[in-house]
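J.: Sharing a structure below in structure tokens format, with a few things to ask.
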Amino acid sequence: MSEQKVVICKDLKSELQDFLSSLKYDKLFILMDTNTKEKCFPLVEDIPAFQKAPILVMEAGDMNKGFVSLAQIWTALSNEGASRNSLLVNLGGGMITDMGGFAGATFKRGIRTINIPTTLMASVDAAVGGKTGINFNGLKNEVGSFYPPLCVFIDCDFLRTLDRDNILSGYAEMIKHGLISSMENYASVMLFDIDTMNYSYLNSLVGQSVAVKERIVEEDPKEQGIRKALNFGHTIGHAFESLSFLKMRPILHGHAVAAGIVSELYLSHKLCGFPMEKLSQVVYYIKEYYPALFFDCTDYDTLYELMTHDKKNEGGIINFTLLKNVGDVRINQSVTKEKILESLDFYRESFGI
């Protein structure tokens, strides 16, 4: 898998234009969703390389990250004369960078892509690392590929277009990055007050978070080992997210991950000795900012069944990434159903559900 370049921009338009000018391509396409077109595209639409570029606009929302939308992208690329020498720019949040990346990976067996994330979630997670995919059969990112973009351009000015819920969604991944990396990173993440929104401090945290993911992906690009650290909070988190879709009450990915972090820290404490003091600190922080996820014991079997479809599983065994301490990651941890259900109890008790 080729190495990707990540640029934390000081002047997005100038840096992006310079990069595009250095490339040879026959046609450039821009993929975005309805939200991005309204709030973000006006910030970059006057870039010279974007003039006359066909624009592909998808309906916003993760429920649209499926095969129907993917086929629409393929059809548009085909109808507009895209070739293997074309370039697809994915301007948007995780839904766009995931699906656009997969469209790029598969159209004519692969065309080059560039990611310009416009959400916090995409900036620190979805757009970086080369994972692409779509939801399928009610499961998150069930079909996809490892296909890194040529470059990821991160401009934190886009974050000012986001509402609080979307900031929270992305910040859950930053909490995860703090927990799996170092005490220094963890402490800085825990200090951020989301309600006061110091964008300058947030920008520095974004750079720190991206560096954590870049380091891990460079070491293990195809998730054979340590890259599984990035799945912390996601085994249960993805189950929460999938359950919300089944109930037709979809929640943002990061809100599900935050809940997954709470449950998986409980498992980390019980099975790996993660310190209770730090567990309590993280639970307090997440309770302070994140809405509670409402579910009860009648949902447990469904949640467990959803976990059995997790991509990290091997031989029918649910594999977790757990922590012995901040920065001390234990991958490929098998957990009994009893303990998993206990962790769901712990979440509900912590949030008074």
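Using the three backbone atoms N, Cα and C, a Cβ is placed for every residue, glycine included.
Sharing the record's features from Swiss-Prot:
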BINDING   60-65, 94-98, 118-119, Lys131, Lys140  NAD(+) binding site
BINDING   Glu173, His234, His253  Zn(2+) binding site
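Describe the structural context of these features.
T.: Around the Cβ of Gly94 (NAD(+) binding site), the number of neighbouring Cβ atoms within 10 Å comes to 26. In three-state terms derived from DSSP, Gly94 (NAD(+) binding site) belongs to a helical segment.
Under the three-state DSSP scheme, His234 (Zn(2+) binding site) falls in the helix class. Summarising the environment of His234 (Zn(2+) binding site), the number of other Cβ atoms within 10 Å of its Cβ, over all protein chains shown, is 27.
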J.: Looking at the binding-site residues Asn64, Thr119, which one has the fewest other Cβ atoms within 10 Å of its own Cβ?
T.: Asn64
J.: Long-range neighbours only, meaning 6 or more apart in sequence with Cβ under 8 Å: which ones does Lys140 (NAD(+) binding site) have?
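T.: The list for Lys140 (NAD(+) binding site) reads His238, Glu241, Ser242, His253, given in order along the sequence.
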J.: If you count Cβ atoms within 10 Å of the Cβ of Ala60 (NAD(+) binding site), leaving out that atom itself, what do you get?
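T.: So the number of other Cβ atoms within 10 Å of Ala60 (NAD(+) binding site) is 18.
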J.: Based on Cβ atoms within 10 Å, give me the single least packed residue among the binding-site residues Asp62, Asp98, Glu173.
T.: Asp62
J.: For the binding-site residues Ile96, His253, which one has the sparsest Cβ surroundings, going by other Cβ atoms within 10 Å?
T.: His253
J.: In whole Å, how far does the CA atom of Glu173 (Zn(2+) binding site) lie from that of Asp98 (NAD(+) binding site)?
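T.: Computed Cα spacing between Glu173 (Zn(2+) binding site) and Asp98 (NAD(+) binding site) is 16 Å.
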